Amino acid sequence: MNTQLMLGLLAMAVGGSLHAADIKMDDQSQLTQQSTKAAGEQYFQPPKESELPANAFGELVQQGRAIFVDTQKYAAEYVGNGMNCTNCHIEQGRKANSAPLWGAYPMYPAYRKKNDKVNSYAERVQGCFQFSMNGKPPAADSHVMNALTAYSYWLSTGAPTGQELPGRAYPEIPQPKGGFDIAKGKQVYAEQCSICHGDNGQGQKAGDRYVFPPLWGKDSFNWGAGMHRINTAAAFIKESMPLGKGGSLSDDDAWHVAAYMNSHERPQDPRLVEGSVEKTRVRYHANDGVNLYGQEVEGVVLGQGIK
Amino acid sequence: MKFTRWPLAGVTALLVTMQAQAADGQKIYAQGGANPAAMACGTCHGADAMGMAAAGFPRLAGINAGYTRKQLADFRSGARANPIMQPIAASLSDDEIQAIAATLEAMPAPSYAAVGRAEKAEGVGATLALRGAWGRNIPECVACHGPGGLGVGESFPPLAGQSVQYLSGQLNAWRQGTRKNDPNDLMGHIARSMSDAEVQAVSEYFASLAHKGASQ
């Protein structure tokens, strides 16, 4: 390799790292679709809380669990919106088909073709903070990351490594035959969702803290979060919403309401390319599932961001 | 929707205040409504609206006015069946319901500890409240009613400060279908999945959170 090229690469690397100093991942899309569960087979069963040892490990796991279920309180400096980890990972990260931690942890480190690098588990979790929490990623060796990793590791006790477990993702559901319909989604939202998430997706608080997460607007997940994909949101909604009544919406309604949710403005994708929504759309959203980033909805181009 | 409702409510409140015969929530609470069948609320719910635990009359102080209005309307319609409250609600005028609901929301209630999902959970009641029973699609009670069951908005009432008798009575009413006034059966489907022992334990749990702080 000649010196000029090396210098050039070095400059690129430095320039790149300066430009994206806070960006830990190039994307945070899920890995491949989950394997399915055979009839009669049980989902992986994480250990019971009562089985935790009364020692420093058990204590760290409990701290990780606390951060996971009350991120607003226990990792406040890393959170930029009104979300808690457990808003998307139901049952404290234990529930099958709701991106359980026991399905994720044993899959890392993982090579990901999309960004052509090996992501560690810490990097994956940093992605959550950056996008879903619209915040700042905790350092890989921080207490918050150590605690979350310990919690994930413990929930994975007895799970095989490097093997996709049934129930590890939100099970994908087929798109409506005639495509999704935002107007229908608005109706489903009013009937099924607004009681908890508010008339305008603003969520609901008790005191100064959110109990029901905001679904769009400044306190919600940003345009880089996995949930901004309509297909991902539809799968999540079908499986777990309304809370405790998962599976009660039709596949089509889950898609419609996911489209309605994601047809609203939310915080900017922190990977914004040269201040351009269009360039960001081409680079990060054009092939990232079904999404409306950079698309025009009712005369307005989405992806402008909101603060 | 909220944004348009507030100014309207404000104008309505102003108009009501300007009328000499405006309903007086305090008076209704202490002495009853214009119709003699509308008994004074304080007779059963206590002068301080903190309820009467042994008899199962719930705390009303500090409860969201929107929630109270809906409950009174549902007692009228029978969506929430109750032989004592049905005739009382039916004899209250709409103005009186507005007034009493606002008065109750403004009445002071003790503060309760905001026990959330991060806390340790020991026993059946605390486990249901803070961990849920997701194998049966039962979310953590605090996921909707807020940490400590302090209540969230118009639709998720406070559980803290309610008695075992009241809480278990309501859960059993949902199980039996005599109370079915929750939007989308959100509470009914949960109650129907609970056992007798769980109803008792979780009621005891939230009742035990009472009286953690002084009156504000």
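Any Cβ shown, glycine's included, is placed from N, Cα and C.
TrEMBL names B:CYS141, B:CYS144, B:HIS145 for binding heme c 2. Of B:MET85, B:MET187, the residue it gives for the same site is B:MET187. Those residues of the chain, other than B:CYS41, B:CYS44, B:HIS45, B:MET85, with a C-beta within 8 angstroms of the mean position of the heme c 1 site C-beta atoms are B:MET39, B:GLY42, B:THR43, B:PHE57, B:LEU60, B:ILE84, B:ILE88.
Long-range Cβ neighbours of B:CYS44 (heme c 1 binding site) (same chain, at least 6 residues apart, Cβ-Cβ under 8 Å): B:MET52, B:ALA55, B:PHE57, B:ILE84. Applying an under-8 Å Cβ distance to chain A, the binding-site residues B:CYS44, B:CYS141, B:CYS144 reduce to B:CYS144. Note: B:CYS41 (heme c 1 binding site) has non-local neighbours B:ILE28, B:TYR29, B:ALA49, B:LEU60, B:ILE100, B:LEU104, i.e. same-chain residues 6+ apart with C-beta under 8 A of its own C-beta.
Here the domain 'Cytochrome c' (B:127-210) returns a mean pLDDT of 96 for the predicted model. Taking DSSP states H, G and I as helix and E and B as strand, the domain 'Cytochrome c' (B:127-210) has 50 helix, 5 strand, 29 coil.
Each of the binding-site residues B:MET85, B:CYS141, B:CYS144, B:MET187 was scored by other CB atoms within 10 A of its CB, and the lowest score goes to B:MET85.
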